[in-house]
Amino acid sequence: MMVAALAVLVVLGLAALLVELREPARGSASLAPRARPEGPRQRVILIVGLLLLARAAFGELADLFEAGAVRDWDLAVYYHAGPALLAGFDPYDAVQLAAASGRDDLLSCYYPPLTVAAFTPLSRVDLAIAGRALLGLKLVLLGGMIWAWTRQLGPWVVVVTAALWLYAIQIDLGSGNVSVFEQALLWAGVGALLADRRLAFAVLIACAAVFKIQLISMAALALVVDPRHGWRPVCVALGGLSAYLLIGVGAFPGPSVTWYTMAQGAALSEGGFHSPSLVAALRHLGAGSTASALAVALVLASSTWLLWRTRERPLSERLMVAILALTLAWPRLKDYSFIVLIPPAASSIARLSAHPGRWAPKLGIAAVLALLVLLTRERPDIANEDYRPTLLLLSLWLTSAALLVWPPGPQKF
């Protein structure tokens, strides 16, 4: 059944690709005017943000690069799982992975088989060396993303990055996860979409989803840009990812079945402070699968209605609402994936700062910053029951949506 569904999606993707190549859809999508730190107020915000970011990051980064301090608990899984898969073991079976790697302390393997196999070249060097190399590459990508976001959204990006460093970025860098790579592909895709390069957008989103499949949901952003023709890049992205998964099924049939079963279970088995998806939070409150599905459907339906009603608003602002809504819909949401919140949060703060009111906007900015700090500080004694990060995500979604309905006036510095 899985193979048949993937085959259908591949056919749909090819059909959409042919339609797009034959009759390319052209829209008026373009990037909003770049927010440059020209005024003294913006320069102060940028300097404060850089100081906060330096304070949050440098000590941790020094520890990560020290000999023997590299932890890489996520990277270690795929460092060993890749060679195990090519040697005929099933890396999704904990017993087989332990037998192949000689380690019984590895976490579960969740990426698709073809993605797992792609980690094999790393096993030719020591794990610590591989971890430092990937850490260096991630820091370059992270710096590039912060620079690009700041050019478009202003200096609040740096402040938000500093606020989310401990909860999201530090965890990704220390664990050896791939979230920074995923975010680089996702936001490169958003940039391509805003530049009206829709096939490039589809390819980048499909590439981002080869690690965590739920990222393919971001292909729906094309429908925000062009409700009439957006189905084309959506189908191309779905078809491309499906073709990738089908190749994995052909190359590794047994492990592919195990992965499919495990991936479904993982989406429903985690929760708490470090896995604070909306679905997990609702389950913690006693909601069943039907109620959780209805809640997610309500978020998506209300966001769709709002985006349709605010078609005259700037495209970049509407995309932020859509990204937050789609993130709320993910069944499995880890702490390091909260990197995706940096641009929407910075965008909301920048729009609040442009509001002509005297006190309400300042209180709104203070509230958003307080939520970013207070709701992402762990309390280990209640970590399994702590869903404050879910409240942060919901609050940002509601704030971003409200700013679409009640837009601020011209910005003054």
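Residue positions begin at 1 at the first shown residue.
Positions of Cβ are set from backbone N, Cα and C atoms, glycine also.
As recorded in TrEMBL:
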- 42-58: transmembrane segment (TRANSMEM)
- 129-147: transmembrane segment (TRANSMEM)
- 153-169: transmembrane segment (TRANSMEM)
- 201-224: transmembrane segment (TRANSMEM)
- 231-252: transmembrane segment (TRANSMEM)
- 285-308: transmembrane segment (TRANSMEM)
- 315-333: transmembrane segment (TRANSMEM)
- 359-375: transmembrane segment (TRANSMEM)
- 387-406: transmembrane segment (TRANSMEM)
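Contacts between the transmembrane segment (359-375) and the transmembrane segment (315-333): absent, as fewer than 3 C-beta pairs lie under 8 angstroms at sequence separation of six or more. Beyond the transmembrane segment (129-147), the same-chain residues lying 6 or more positions past its ends with a Cβ under 8 Å from any Cβ of the stretch are 61, 64-65, 70, 72, 75, 79, 122-123, 157-158, 161, 169, 172-173, 176, 180-181, 183-184, 187. As a quick check, the transmembrane segment (315-333) and the transmembrane segment (201-224) clear the bar of 3 or more Cβ pairs under 8 A, pairs 6 or more apart, so the two touch. Using a Cβ-Cβ cut-off under 8 Å and counting only residues 6 or more beyond its ends in the same chain, the transmembrane segment (153-169) has close neighbours at 35, 37, 42-43, 45-46, 48-50, 52-53, 55-57, 60, 142, 146, 179-180, 335-339, 341-343, 345-347, 349-350, 353, 369, 372-373, 376-378, 389.
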